[in-house]
């Protein structure tokens, strides 16, 4: 008895590190076939759960510069949410991805096709106005889309996707139908800029954020697969519009796009399904836009990257068709270029997600950003006057755009908890909205008369991509410092 007491006292007085070194974990053999579609980390006891949670907290601690103190070379997740079990597959999870895919055909597909609308109304209904004046319609459209995407984040976390989805669908489809009747500047401003913009913003966040309820380790692949829908919509809508502009006119061409959008959005709302518990909602400014999250330097620099990158991507989608027409190319080729941008964007969205899950989300995003500004300055600027140059640029740059658009949300999810994802994602795009509001009119004002009139716009877009690359690099630095071989 005395011996046992002495041993117990020794154990209590033993230093903490020694006790941890002596700790033995006993694993029970399990049937691996039963784990198909299940999370990779299996917690076998409450002790394991406690130790796992402790390690997770340690892994995410930050120093005074905002960097994580754990700089392991195989960093895969900045937030290890071991206490939350993610399905990582199965019919329920992939059904949600399919629903998001359908919804993004309409929502992101319309945004990616905006150049087809801009090119038509600038040479028909609004031909008397300057490029800069017309650009304000599309900047207001994107401003409201991004702003309400941001506002929708905390509402999604608290109320789920359905209220936002129904309200957004009514505004989106209704605004599209009203746009088909528009012929004056203020009518396009209200129908497209206001109604369609707000509707798309209310739909975008739940369609992306809902995937984070079901995937953690495979989130890059899942979001990449879903966002392929946006590129597919960007292929379908310009082809539909170009064919119908000539045969039935602008009004019915836009209505057909509205009908297609209605069908796929309804399918999306049927298929998507929330899984995580809802967070309490308090109507305060900080419950809608999470200003405190900007003290996290990883998130701050990623927000700056998204701010610059979204404007750069939008410039290509908005002005590519009108640029080709300025170069004397046929209307068929001009609309085909937009289709090429979105076609290769499908491959970029899917493949970048797969690569990111293997090599690191931030690593892959940095590589794609470098490729993007290289194509701007090495292909579009010097060779954009030629048909071969335009086609080559559209193919390569479309791939880059797809990768950037799909990886930024994944990187955002990697540096925050799943329950905060909607708010963080929304906060990021709330700031992006103001960049787009001013950026597109500035881009339009940079366009001058003549064949070389778009050169200033092209250079400006290239600079935006350089800034995007540097910002992602700084975000990565705040996570792992200068470790080049870190998987992050």
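Note that Cβ sites are derived from N, Cα and C of the backbone, with glycine treated the same way.
The domain 'Major facilitator superfamily (MFS) profile' annotation in TrEMBL covers 92-479. Among the features that TrEMBL reports, transmembrane segment is placed at 96-121, 133-155, 162-182, 188-211, 223-244, 250-272, 299-321, 333-352, 364-383, 389-413, 425-447, 453-474.
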Quick one: find which recorded stretch in 133-155, 162-182, 188-211, 389-413 has the most Cβ pairs under 8 Å with the transmembrane segment (250-272).
162-182
Does the transmembrane segment (389-413) make contact with the transmembrane segment (162-182) through 3 or more Cβ pairs under 8 Å, each pair 6 or more apart in sequence?
no
Give the nonlocal contacts of the transmembrane segment (162-182) in its own chain as ranges (CB under 8 Å, at least six residues past its ends).
103, 106-107, 110, 125, 152, 155-156, 188, 190-192, 194-203, 205-206, 250-255, 257-258, 261-262, 265-266, 268-269, 272
Per Cβ pairs under 8 Å, the stretch of 96-121, 133-155, 223-244, 299-321 packing most closely against the transmembrane segment (188-211):
133-155
